[in-house]
Amino acid sequence: MPKNSKVTQREHSNEHVTESVADLLALEEPVDYKQSVLNMAGEAGGKQKAEEELDAEDRPAWNSKLQYILAQIGFSVGLGNIWRFPYLCQKNGGGAYLVPYLVLLIIIGIPLFFLELAVGQRIRRGSIGVWHYVCPRLGGIGFSSCIVCLFVGLYYNVIIGWSIFYFFKSFQYPLPWSECPVSRNGTVAVVEAECEKSSATTYFWYREALDISNSISESGGLNWKMTLCLLVAWSIVGMAVVKGIQSSGKVMYFSSLFPYVVLACFLVRGLLLRGAIDGILHMFTPKLDKMLDPQVWREAATQVFFALGLGFGGVIAFSSYNKQDNNCHFDAALVSFINFFTSVLATLVVFAVLGFKANIMNEKCVVENAEKILGYLNNDVLSRALIPPHVNFSHLTTKDYAEMYKVIKTVKEDHFSALGLDPCLLEDELDKSVQGTGLAFIAFTEAMTHFPASPFWSVMFFLMLINLGLGSMIGTMAGITTPIIDTFKVPKEIFTVGCCVFAFFVGLLFVQRSGNYFVTMFDDYSATLPLTVIVILENVAVAWIYGTKKFMQELTEMLGFQPYRFYFYMWKFVSPLCMAVLTTASIIQLGVTPPGYSAWIREEAAERYLYFPNWAMAILITLIVVAVLPIPVVFVLRHFHLLSDGSNTLSVSYKKGRMMKDISNLEENDETRFILSKVPSEAPSPMPTHRSYLGPGSTSPLETSGNPNGRYGSGYLLAGTPESEL
């Protein structure tokens with residue numbers, strides 16, 4: 001301290017120290033922190049060395065705003081936008097489904113997405129550090145987010161492995177799933193029975209790719225082809241994230257933008273296909289009565305929730321590498337609407353292609369049934385008088401067949417069912433709902449076999465899926481690595497590589513012959529309920545414990561302008577209520593509908609819905625319990641003071657050359673030691689472990705470090721009162 005400071009004068013005088021630290025520091029002159037005995041370098045006057053050490057502790061930052069936005073888009077826009085949103089749109093009223101989706105995006109999606117962006121950018125930590133800072137007793141939220149990310153990453157990368165398998169199989173003509181395999185018994189060609197009963201693409205998926213067993217209870221051993229693909233997938237992810245945002249940020253330029261190039265190409269190509277307009281019109285024809293169905297709103301809320309990646313910690317991790325003055329308010333709206341636009345674009349592409357496929361299948365149905373009618377005519381089962389004179393079987397149109405079908409059905413009403421004729425309606429083909437792997441690996445691949453230059457389109461499609469999955473996996477891995485590295489200070493590269501190796505070996509569960517059923521289990525149950533619990537507690541922690549007014553004030557200081565009051569009411573009332581309803585509905589749905597899966601029965605060449613056996617139910621329940629368990633455990637440990645929350649730790653931060661001190665929890669001996677400390681070794685550590693909760697009534701803003709990039713362990717004022725009160 002300067003020799004003429006009042007604290008120094010008191011130290012060398014014979015007067016007893018009776019004043020509090022607050023009284024003394026109120027009279028203290030501003031001090032340059034780089035010349036202070038409490039400077040980060042630990043050396044008085046060591047300006048150059050201090051700057052070097054401060055630079056070494058700089059938190060990594062994005063190279064540009066574009067890189068950050070692409071990372072958030074890459075994380076939020078994933079496989080669900082391609083194969084989940086179109087299915088929900090078709091199932092829940094076509095164009096009418098967009099209304100509840102947009103409403104819920106505005107009142108749930110954008111406010112909660114903005115909340116995660118803001119807390120990450122403000123506190124500059126991963127999910128564990130953020131929620132420990134906001135409310136130590138709810139610090140378990142961050143650990144739960146990490147566990148959910150682990151569960152999702154385990155099976156999500158398996159899907160990338162499937163896409164890699166199809167990608168390499170696409171480099172041949174004709175595509176291997178375009179025809180059923182034929183075996184020869186002497187001079188007789190025999191079509192594989194399983195393929196003949198189903199279809200070439202279905203057979204290739206279940207038998208050639210997965211070699212699937214009949215139930216989850218039949219392991220069947222490892223599928224070596226998928227094991228290698230999983231190894232490749234984890235190797236790609238590991239290389240992308242091993243250096244943190246320095247490596248993953250560069251990957252995002254390609255993995256986030258390339259899918260849009262492919263979608264645009266597919267849209268143009270799809271619109272030129274025969275029947276594409278039929279699919280698009282069927283897709284967007286609104287069924288307004290569906291808007292009154294509560295189930296539609298529940299599924300729309302769930303899709304909004306998962307589409308933005310809320311609760312995973314990836315959003316918080318990415319935003320924690322931003323500068324303090326970044327406009328995350330604009331980012332939240334931008335990324336949310338880009339996500340919505342991507343979903344609509346993907347829906348156009350999917351139904352343009354499925355409209356083309358529906359026309360192909362409808363024409364095939366007409367040909368097959370026309371051959372049946374000709375057979376009945378030749379065997380005098382049907383009279384030729386029933387056939388309209390203008391009908392030409394050599395060039396039979398769907399309209400002619402519909403007319404002929406109607407006449408035969410009217411005349412042969414009593415015996416019509418015995419004829420086995422199908423109506424061959426285009427609407428029936430378009431109404432066949434497909435989602436998930438059924439859409440990507442069966443319906444879409446079948447449609448692409450009818451494309452000119454089909455291998456090219458197949459390569460593009462599966463390369464797009466790989467990049468969509470990679471972008472989401474990078475965000476998921478960030479949700480694990482960033483909070484763990486921030487909290488426990490483990491070496492980044494070693495921990496990241498260790499995570500990938502561990503995940504690969506655990507992921508072998510998903511590449512055995514019954515692995516697809518475990519993917520279904522994890523996809524349906526390991527994240528849905530835990531994430532809704534996590535996000536509602538995030539909302540409550542900020543809005544009701546930390547305080548919405550206080551949070552809005554701090555956002556105003558950080559952004560330089562006050563966010564819309566709309567967010568205040570959404571965070572305080574609307575979003576928590578909607579999330580509570582969604583959580584309740586998810587629990588009811590879980591209880592009403594017995595958990596099960598669609599099993600492929602080889603002998604029947606068809607799917608059958610089976611319930612999970614007892615041991616699988618035990619795994620399912622364990623997944624949910626393990627994911628949410630850290631929340632009550634940390635709450636109980638800190639409530640009964642069995643786990644320290646660091647509330648007695650002196651913490652220091654600097655802003656604009658002033659030294660800020662937290663004295664809210666100092667004891668008498670600590671005050672004396674703080675005043676009399678003269679050498680760096682005796683100075684209190686400037687590395688805060690957490691911020692004591694001040695209560696929602698506090699109006700003191702967070703004081704942050706003047707350094708725009710912040711620090712791992714410093715840069716936050718953890719004081720209970722403003723400097724003027726000290």
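Backbone N, Cα and C define each Cβ position, glycine as well.
Spatially close to SER472 (Na(+) binding site) yet at least six residues away along the chain are GLY74, PHE75, VAL77, GLY78, LEU79, TYR156, GLY309, judged by Cβ distances under 8 angstroms. The Na(+) binding site annotation in TrEMBL covers GLY74, VAL77, ASN81, ASN339, LEU468, SER472.
Residues or ranges marked as compositional bias 'Polar residues' by TrEMBL: 697-708.
Taken from TrEMBL, the feature region 'Disordered' covers 680-726.
Sequence-distant neighbours of the transmembrane segment (68-86) (same chain, 6+ residues past either end, Cβ-Cβ under 8 Å): 62, 159, 245, 248-249, 252-253, 255-257, 259, 283, 303, 306-309, 314-315, 318-319, 321-322, 326, 331, 334-335, 338-339, 342-343, 346-347, 350-351, 435-437, 439-440, 465, 468-472, 474-476, 478. Feature annotation from TrEMBL assigns transmembrane segment to 68-86 (among others).
With a cut-off of 8 Å between Cβ atoms, the residues of this chain six or more beyond the transmembrane segment (98-119) that come close are 89, 130, 134, 291, 296-297, 300-301, 303-305, 307-308, 310, 315-316, 319, 328-329, 331-333, 335-336, 340, 344, 535, 538-539, 542, 551, 555, 558, 563, 566-567, 570-571, 574-575, 578-579. According to TrEMBL, the transmembrane segment annotation covers 98-119 (among others).
Taken from TrEMBL, the feature transmembrane segment applies to 140-168 (among others). Residues 79, 126-132, 209, 225-226, 229-230, 232-234, 236-237, 311-314, 437, 440-441, 445, 458-459, 462-463, 465-466, 469-470, 472-473, 476-477, 479-480, 483-484, 503, 506-507, 509-511, 515, 518-519, 522-523, 526-527, 530-531, 533-534, 537-538, 541, 623, 626-635 of the same chain lie 6 or more positions beyond the ends of the transmembrane segment (140-168) yet place their CB under 8 Å from a CB of it.
The annotation transmembrane segment is assigned in TrEMBL to 224-245 (among others).
Sequence annotations record features per position, and here TrEMBL assigns transmembrane segment to 257-277 (among others).
Here the transmembrane segment (300-321) has long-range neighbours at 59-62, 68, 71-72, 75-76, 78, 80-81, 84-85, 88, 92, 97, 100-101, 104-105, 108-109, 112-113, 116-121, 123-127, 130, 142, 145-146, 148-149, 152, 245, 328, 331, 335-336, 339, 343, 472, 475-476, 478-483, 486, 528, 531-532, 534-535, 538, 578, 582, 586, meaning same-chain residues at least 6 beyond its ends whose C-beta is under 8 angstroms from one of its own. Here TrEMBL flags 300-321 (among others) as transmembrane segment.
The transmembrane segment annotation in TrEMBL covers 333-354 (among others). Packing against the transmembrane segment (333-354) from elsewhere in the chain are residues 69, 72-73, 76-77, 81-83, 85-86, 89-90, 98, 101-102, 105, 109-110, 113-114, 260, 263, 266-267, 270-271, 273, 276, 279-280, 282-283, 307-308, 430, 434, 439, 443-444, 447-448: each is 6 or more residues past its ends and has a CB under 8 Å from a CB in it.
What TrEMBL lists as transmembrane segment is 456-482 (among others).
Sequence annotations record features per position, and here TrEMBL assigns transmembrane segment to 494-513 (among others).
Away from its own ends, the transmembrane segment (525-546) comes close to residues 112, 115-116, 119, 131, 134-135, 138, 141, 144-145, 147-148, 151-152, 155, 302, 305-306, 310-312, 571-572, 575-576, 579-580, 582-583, 586-587, 590, 595, 620, 623-624, 627-628, 631, 693, 696 of its chain (Cβ-Cβ under 8 Å, at least six residues beyond either end). If you look up TrEMBL, you'll see 525-546 (among others) marked as transmembrane segment.
Residues annotated as transmembrane segment in TrEMBL: 566-592 (among others). Panel annotation: around the transmembrane segment (566-592), residues 104, 107-108, 111-112, 114-115, 294, 298, 301-302, 305, 525, 528-529, 532-533, 535-536, 539-540, 542-544, 548-549, 551-552 of the same chain, lying at least six beyond its termini, place a Cβ under 8 Å from a Cβ of the stretch.
Listed by sequence, the residues of this chain that lie at least six past the ends of the transmembrane segment (612-637) yet keep a Cβ under 8 A from its Cβ atoms are 137-141, 143-144, 147-148, 151, 216-217, 521-522, 525-527, 529-530, 533-534, 537, 595-597, 643. Per TrEMBL, the feature transmembrane segment maps to 612-637 (among others).
Highlighted in sequence order, ILE73, PHE75, SER76, GLY78, LEU79, GLY80, SER256, PRO259, THR342, GLY471 have their Cβ within 8 Å of the centre of the Cβ atoms of GLY74, VAL77, ASN81, ASN339, LEU468, SER472, the residues recorded for Na(+), and are not part of that set.
Taking pairs at least six residues apart, the transmembrane segment (257-277) and the transmembrane segment (224-245) share fewer than three Cβ pairs below 8 Å and do not count as touching.
Below 8 angstroms of C-beta separation, residues 60-62, 71, 157-158, 160-162, 164-165, 209-210, 251, 318, 321, 470, 473-474, 477-478, 481-482, 492-493, 496-497, 500-501, 503-504, 507-508, 510-511, 515 of the same chain, each at least six residues beyond the ends of the transmembrane segment (224-245), sit close to that stretch. Listed by sequence, the residues of this chain that lie at least six past the ends of the transmembrane segment (456-482) yet keep a Cβ under 8 A from its Cβ atoms are 71, 73-79, 81-82, 126-127, 145-146, 149-150, 152-153, 156-157, 159-160, 163-164, 166-167, 170-171, 175, 236-237, 240-241, 244-245, 248, 251-252, 254-256, 258-259, 262-263, 265-266, 269, 309, 312-318, 320, 440, 444-445, 448, 492, 495-496, 499.
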